[in-house]
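Following: one structure in structure tokens, then a few remarks.
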Ligand code: GCV
């Protein structure tokens, strides 16, 4: 970690002069969850020192070298000692890191490798003559690297090594970040600075950040990255840029991180000089084939293409009267000889389609189930609209048994308070993954679609839209790191409990002190419900202010496309509020399995979290607690505000356990969050009151301003918006 600090000291000297506490002498967040510090607990430290007296590391290429460096740095700092790298066979308790086939026979005999898959690993304590060893073994180098990170995490968390027996294999093949980074270094929906990819100085200048980025991803098992935005620029596919991408791929390779690119569908015209991008045109077909060959000649382990087509103005096959199927298969054929994949996004909706936006993706894709090439994955957002604080799971999950469907989560908080709100996203991710699609009876969880087990899919994947930028601590909010970390852990194993992930992250990032871990973990776990309460309670959705999505805008009704207007989603009127998606309304519910339809259709069984997502309900409708819908809405908004107050109270108690810098940062951010939670409550309730004409419930605090004040707020420079949308 020291070298990172040194590197950034110079850059931040200016900042240092402005602050009373020198940034480079304290934990500033750059080291993420990998900021190994010396173990202070003497008993734990001595235990580890006697258990780890030397290291045997098999010889090998670049990944083995990375493992050696990580162990030297990690163990050197955690145990405050310089462990020697020894040959096998001496006396003493050793850490042995070696691929299975290279272990001596007396050790292989003790390893159960039948279940061990590609990239998987075993960490096992083996007592033998000569010592009690900890063995990290795998089938491949990357498995050893992942095992090494897991092993170091055990030490960071003060876990016992005695009798250790861990067998881990990833449940999902492609575990990747999607960067919505533009070539000019702005980031669509990015709130943590600019893009970390400096295209101007690549390929000659390798920023230390690229290496640290790869290392951080490897530490949680992320093995892919699409470095450019889905609103793609065709230039990334030109030789000039491919050389730069190659430089990144070379840095990432030892860490098991593959590069993917976003492919602009009209690239054959824009950079290829063709007159058309029609997917059935012979010249277009040849152009993509040549392009794929060219990319692989430069980057032999290139992952493939990620494509947004015919969505929000992006070009696509439908411009030529063709289908998504035609487009996806065109690119798949070009990549297939090189084992590349196409991730074709299902986030499509059209202003020319008057049906409920929530229904459009399913209608476009499901009829072609089974017709996609084997190397195509359809990438589906977790819910049918767009990364709202809460959405029901996307009806496509489970509805295409003959096509690999991969998950797209959003790690950056476009609709969850940007990088200023503390909202622990793995809780949201877990809720989606554990949702039951009922497609093959009870227990057909979304997680089973994603890991391929529901329909025996060979190719599987999970993507997360990155929240990473040039901010010193990568993610702006110190707790945003937990979302990156948690995404990686869930992509590795979609059945993990988000609470366990929070526990790991807190211990590795801050401290093992239970006085800290307990309350802060509770705060993180409750933070997701808090944001739902103060933004979108009871199934409300997409009532954000225009374009930038910063703050409330339930009144917006003047955008060119109907489905871009919040009024389209809440449908408040004098009778009530909510989107009727039952048979009497858009019938979007029809797209779910009968059991799910039934549950959401019946007001008795529809969970209140989804009430206004599926139903238009009268203002005086009685909720399960006997209160009217109107009162219930106000009570939820108030609860969200109160929950943020509780978060602040919790954090105030944490001062003794956190470094000064992060303590202050989180304190300031929580206060912004409180201010904005009140803003949401007041703006939404005042606006909805113009329809309900009812008094606020007694539990709700009086709004601070009149509705007109909230309606007048403008934020022309709110971050993260595409310049053309401003
Ligand atoms: C990259 C939403 C966002 C857009 C984003 C789009 C997508 O509409 O607001 O910024 O574009 O989703 O996922 O393609």
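We number each residue from 1, going along the chain as drawn.
Glycine residues also receive a Cβ, built from the backbone N, Cα and C atoms like all the rest.
Taken from TrEMBL, the feature active site, proton donor applies to 312. Long-range Cβ neighbours of residue 312 (active site, proton donor) (same chain, at least 6 residues apart, Cβ-Cβ under 8 Å): 231.
Residues annotated as active site, proton acceptor in TrEMBL: 386 (among others). A coil conformation is recorded for residue 386 (active site, proton acceptor) in the three-state DSSP classification, outside any helix or strand.
Residues annotated as active site, proton acceptor in TrEMBL: 414 (among others). Under the three-state DSSP scheme, residue 414 (active site, proton acceptor) falls in the coil class.
The residues of the domain 'Alpha glucuronidase N-terminal' (32-151), classed with DSSP into helix (H, G, I), strand (E, B) and coil, number 48 helix, 25 strand, 47 coil. The domain 'Alpha glucuronidase N-terminal' annotation in TrEMBL covers 32-151.
Look at TrEMBL and you will find 155-474 tagged as domain 'Glycosyl hydrolase family 67 catalytic'.
According to TrEMBL, the feature domain 'Glycosyl hydrolase family 67 C-terminal' maps to 475-700.
The number of other Cβ atoms within 10 Å of the Cβ belonging to residue 386 (active site, proton acceptor), over all protein chains shown, comes to 20. On the 0 to 100 pLDDT scale, the model's mean across the domain 'Glycosyl hydrolase family 67 C-terminal' (475-700) is 97.
Cβ-based neighbour count (10 Å, all protein chains) for residue 414 (active site, proton acceptor) stands at 23. For the pair residue 414 (active site, proton acceptor) and residue 386 (active site, proton acceptor), the Cα-Cα distance reads 10 Å.
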